[in-house]
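A quick write-up on the structure given underneath.
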């Protein structure tokens, strides 16, 4: 299992490396990512760059089903089409302190990726799945949802989180 990095850890700003080899080592990493995901409370998804690992790969694991029985692994994913806009509150496993803020993202997306075994996949997503994928792909590019907020809002959150860290609450 991996440790989930916490903001402001500078490794959260690291861009992931594309996956070139779909081997046993990759399968083990993906299994550990899902193990970490399922062990975390209220976790919808995780990107490799959120985890304490060397050379994080371009991988995200998603499962927000009630029984945690619908795992989705996206490797080298990219959004190839976007439409509409939707603004909704987001939180993040790497940003503690009960931090939720409104973020505007595409309402509908088309994704091209590979599954965990290297098989090409392409699909459309909307609603929570679209938001989740965009949030995780941001992570894989070194962007956290706080980066999408105004400077003023981000400053207030940084100040509040700093105080909580000093109190040992995050």
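Just so you know, glycine gets a Cβ as well, placed from its N, Cα and C.
Here is what Swiss-Prot records for this protein:
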type     : residues     : note
BINDING  : 92, 135, 139 : Fe cation binding site
ACT_SITE : 136          : active site
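Overlay of Swiss-Prot feature records on the structure.
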residue: 92; record: Fe cation binding site; Cβ contacts under 8 Å, 6 or more apart: 7, 99, 135, 144, 145
residue: 136; record: active site; Cβ contacts under 8 Å, 6 or more apart: 45, 46, 47, 60, 62, 74
residue: 139; record: Fe cation binding site; Cβ contacts under 8 Å, 6 or more apart: 12, 47, 49, 50, 60, 94
> Around residue 135 (Fe cation binding site), how many other CB atoms lie within 10 A of its CB?
Replying inline: 22
>> Quick check: with 92, 135, 139 left out, which same-chain residues have Cβ atoms within 8 Å of the centroid of the Fe cation site Cβ atoms?
In response: 45, 47, 50, 90, 93, 94, 136, 138, 144, 145
